[in-house]
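> Once you've had a glance at the structure underneath, I'll fire off some questions.
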Amino acid sequence: MACRCLSFLLMGTFLSVSQTVLAQLDALLVFPGQVAQLSCTLSPQHVTIRDYGVSWYQQRAGSAPRYLLYYRSEEDHHRPADIPDRFSAAKDEAHNACVLTISPVQPEDDADYYCSVGYGFSP
């Protein structure tokens, strides 16, 4: 029986203001039906993720990046109608990060994922 797996390549850095940097994992391997959690970590630690909104983008091979969602808080977030609710985000303030969750992962989710941070919503 063949095993079909998905790989996620995570790229950064979109923000570099006053030596502030976003860091992401290089790669994540998951199987269809599993949960993928992709972290976007803000550093240095004196700059807190609490103060920023995070936008997430997906780029499939051979395609332009596609806006997935924006998350600042439970009260301030946005996901376009054409993006499935399998994609969600939340902040992990203990690790100064925003986490994109894909649940359950589907074969078409095989892509590169990018994050960017800012003070307001801007797809």
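Even glycines carry a Cβ here, placed using N, Cα and C.
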> Of the listed cysteines CYS40, CYS98, which one does Swiss-Prot record as disulfide-linked to CYS115?
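Disulfide pairing in Swiss-Prot: CYS115 with CYS40.
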> Looking only at the domain 'Ig-like' (21-123), what are its DSSP counts of helix, strand and coil residues?
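Its residues divide into 9 helix, 50 strand, 44 coil.
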